[in-house]
Structure formats: structure tokens, C-alpha cells
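Asks: Provided herewith is a single structure, encoded as C-alpha cells, for subsequent inquiry.
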Amino acid sequence: MADQLTEEQIAEFKEAFSLFDKDGDGTITTKELGTVMRSLGQNPTEAELQDMINEVDADGNGTIDFPEFLTMMARKMKDTDSEEEIREAFRVFDKDGNGFISAAELRHVMTNLGEKLTDEEVDEMIREADIDGDGQVNYEEFVKMMTSK
């Protein structure tokens with residue numbers, strides 16, 4: 001399944017993997033998964049975290065390594081995000097609930113994820129998604145961005 005990913009996607013997932021893998025040992029534990037989920041405003045229980053790991057933990061060692069992570073991401077991409085998941089993600093970014101994601105809100109979430117972006121990078125991300133050119137991302141634009149492969 002992971003063999004259907006492009007080089008670029010694999011590189012992106014490698015970057016995402018290292019955001020999760022806080023201690024850099026090449027595996028993601030339930031603790032590390034929990035940290036990232038919480039930084040995204042989610043509050044999973046220990047059991048839910050364990051389930052998430054078990055779902056992709058091919059060798060059964062209780063952690064996720066990069067190949068397992070790739071499989072998980074490929075699977076997620078195949079059953080493309082449901083409307084509800086996208087709406088949920090939008091809510092995480094839209095801190096003040098005004099229906100738009102501003103550069104400041106985007107920067108805030110990315111920083112929480114441990115992703116230090118320059119103002120230029122944040123502006124570039126907004127520009128890429130901002131179809132109507134108002135300098136922020138509305139829900140429709142967000143959906144387009146999330147569903148365009």
C-alpha cells in the first residue's frame with residue numbers, strides 16, 4: 001500500500017513522523033502519540049491511543065516505526081478524510097471560531113505541533129489555500145485544500 005506514495009509524500013510523512021517521534025529513537029509510543037494529539041486539541045484516552053497504535057503495529061511491539069506509519073498514512077489517504085474529520089480539523093485551526101483561519105491561527109497550531117515556521121512560510125501556506133484572495137482560509141477553501149491530492 002505504501003508503494004503507491006510519491007517521493008514527495010514519503011518525505012512529508014517522514015517530517016510528520018519526526019514531529020511525533022519526540023525522542024528521535026525511530027518509534028512512536030502511546031505517550032508521544034498522546035502529546036501530539038493533545039497539541040492538536042484532541043484528548044484521547046490511554047485506551048484510544050493504544051488502539052490507534054495497535055491498528056498499525058504490524059510487528060506487535062507496541063510502538064509504531066516509520067514503515068508502519070507510512071502504511072497508516074497510505075490507508076488514511078485512501079479512505080480520504082470524511083467530511084466530519086475535515087470539519088473537526090478546521091475547528092482545531094479556527095481558534096476564535098469566526099469561520100476563517102488566519103495566518104496567526106495557522107502559526108499557532110503549527111507551533112503547537114513543534115513546527116517552527118517563518119512568517120513567509122505561514123503566508124505561503126495561506127496563499128496556496130486562499131482561493132478568493134482575502135488573506136485567510138474559509139471552510140470551503142480548507143475542504144478543497146484537504147481533498148485535493
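Backbone N, Cα and C atoms are what each Cβ position is placed from, and that goes for glycine too.
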Asks: Quick one: which of GLU88, GLU105 does Swiss-Prot put in the Ca(2+) 3 site with ASP94, ASP96, ASN98?
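Replies: Record check against Swiss-Prot: Ca(2+) 3 site with ASP94, ASP96, ASN98, extra candidate from GLU88, GLU105 is GLU105.
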Asks: From the binding-site residues ASP25, THR27, GLU32, ASP96, ASP134, pick the residue whose C-alpha lies nearest to the C-alpha of ASP59 (Ca(2+) 2 binding site).
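Replies: Minimum Cα distance from ASP59 (Ca(2+) 2 binding site) across ASP25, THR27, GLU32, ASP96, ASP134 lands on THR27.
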Asks: If you count the C-beta atoms lying within 10 Å of each candidate's C-beta, which of the binding-site residues THR27, ASN61, GLN136 ends up with the smallest number?
Replies: ASN61
Asks: Give residue numbers and ranges for long-range contacts of the domain 'EF-hand 1' (8-43): same chain, 6 or more residues beyond its ends, CB-CB under 8 A.
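Replies: For the domain 'EF-hand 1' (8-43), the list is 2, 49-50, 52-53, 62-66, 69-70, 73, 77, 92, 109, 112-115.
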Asks: Return the residues near ASP132 (Ca(2+) 4 binding site) by Cβ distance under 8 Å, restricted to its own chain and a separation of at least 6 in sequence.
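Replies: In sequence order, ASN138, GLU141 meet the Cβ cut-off.
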